[in-house]
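Pulled from TrEMBL:
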- 37-446: domain 'Major facilitator superfamily (MFS) profile' (DOMAIN)
- 35-62: transmembrane segment (TRANSMEM)
- 74-94: transmembrane segment (TRANSMEM)
- 100-118: transmembrane segment (TRANSMEM)
- 170-195: transmembrane segment (TRANSMEM)
- 201-219: transmembrane segment (TRANSMEM)
- 261-281: transmembrane segment (TRANSMEM)
- 301-321: transmembrane segment (TRANSMEM)
- 333-351: transmembrane segment (TRANSMEM)
- 357-380: transmembrane segment (TRANSMEM)
- 387-410: transmembrane segment (TRANSMEM)
- 422-441: transmembrane segment (TRANSMEM)
Amino acid sequence: MDGDPNSPLITPKVQITRDDGKNVNNTLWNRREKYIWVLTLFTGCSVLYTARTVMPLCVVAISKELKWDKTQSGMVLSCFFWGYTMTQVLGGYLSDRIGGDIVISFAACGWSFITFITPKLAYLSSDKATTVNVIVLSRVLLGACQGFHMPSVTSLSAARIPAEERSFQYSFIIAGKHFGTLLCGSIGSLLLEYYGWESTFYVIGVGGFLWMLFLRYYLLGGNKPKNQVVSLKNNMVPDSFVPQKEHIPVPWMSLLSRVPFWALVVAHFCENYAFFILLSWLPSYFHENFPQAKGWVFNVLPWLLTIFSAVSSGWIADNLISKGYTVTAVRKVMQSLCFLGTALFLFLLSFMHTFHTSLFCVAVGVMCCGFHNSGVLVNVQDIAPQFAGSVFGLMNMAGAIPGFIGVYVAGHMLEVTKSWTAVFNQTSMVCIFGWAVYVIFGTGKKII
């Protein structure tokens with residue numbers, strides 16, 4: 001069926017290539033292409049997040065060996081987002097112009113290499129301050145390389161996946177980050193326990209290289225259709241997928257003057273504030289409060305449930321839209337489940353004193369974060385489908401700020417107050433604020 005040009009499963013294509021003959025992401029994938037690319041991007045997000053979460057997993061062991069305090073640990077965890085913030089807009093712009101697939105492959109080479117050499121960097125000097133500075137620099141560069149990934153995925157999704165399937169397909173791809181966190185928490189915990197923290201970085205670094213090679217030499221290397229060659233200045237319209245005679249610049253001033261865009265930014269900021277604190281500090285929370293608990297349990301169960309919520313929320317959202325519910329209503333319902341659920345269970349966590357009840361609150365609270373995929377995260381493609389990569393890059397740049405401010409502040413707060421309750425209650429209030437702003441001012445309509 002896939003090879004029949006008259007088949008209803010094949011979407012008619014208008015293909016454009018750059019001057020060097022490479023394909024730009026300007027056509028819908030057919031069914032076979034969609035399966036391969038969605039699974040590949042899911043795997044890519046998984047490996048990306050194993051590389052991102054390996055430091056939170058190992059920070060307790062590394063801190064003990066290298067004698068870091070909570071403030072230094074917080075700085076090492078948060079500095080990733082210094083670099084991550086810097087490349088968001090650039091990643092979206094390049095992806096919209098030359099193709100997200102190409103941008104992703106080059107970035108993957110960088111973050112895989114940095115992950116692989118991290119253990120060597122930790123032993124470059126016997127001086128603690130020098131070691132911390134070297135690790136901080138490597139984490140900044142790691143964040144800069146990974147900052148290209150999500151805007152590229154968003155650009156590809158907006159250009160290659162039909163709008164009526166976008167919630168589910170995009171949510172499935174982004175669910176890879178939760179699967180990657182689960183892999184890091186399970187296999188990484190075993191490697192950490194039996195082979196030392198260095199082994200986790202080596203294995204994940206090699207995994208990143210293997211994924212990059214598959215993308216670069218199988219998917220991209222084997223996809224060289226003979227198409228009409230046009231100038232790089234030509235652009236596409238993801239809504240209709242037809243070429244433009246002139247490159248259309250992103251209408252930044254128009255975008256920045258729209259209240260729904262700022263509602264999106266605030267909501268993404270607040271959700272990321274909660275997500276990054278949970279991602280970075282939960283292993284430390286369980287190690288300190290329940291030292292006898294098995295690491296693979298609390299590092300696996302929350303992210304296992306989040307995969308389910310992330311994928312199912314996309315399916316639910318697409319079905320609600322197909323039944324006639326407005327995109328605006330569906331996005332707000334999904335985001336409400338995210339914010340209110342996370343806030344509630346983080347607040348309840350402060351009153352829990354046993355491992356099982358604490359694990360339950362953490363697992364459900366983290367699970368609720370999965371609804372963000374079919375709420376705010378995909379909402380960029382609703383309000384600005386033609387410029388999804390660039391707009392997502394700007395939104396995600398703001399969303400990365402909690403990564404270095406929130407994570408560092410949490411570490412400093414723990415160092416000063418010794419109170420996990422203060423951290424969790426503050427995070428709950430941030431979620432409530434983000435929910436109120438998005439429900440009042442958000443929209444699912446195209447604004448530019």
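Every residue gets a Cβ built from N, Cα and C, even glycine.
In the predicted model, residues of the domain 'Major facilitator superfamily (MFS) profile' (37-446) average a pLDDT of 89. Between the transmembrane segment (357-380) and the transmembrane segment (261-281) there are at least 3 Cβ pairs closer than 8 Å, counting only pairs 6 or more residues apart in sequence, which means the two stretches are in contact. The stretches the transmembrane segment (387-410) and the transmembrane segment (74-94) meet in space: the count of Cβ pairs below 8 angstroms, excluding pairs fewer than 6 apart in sequence, reaches at least three.
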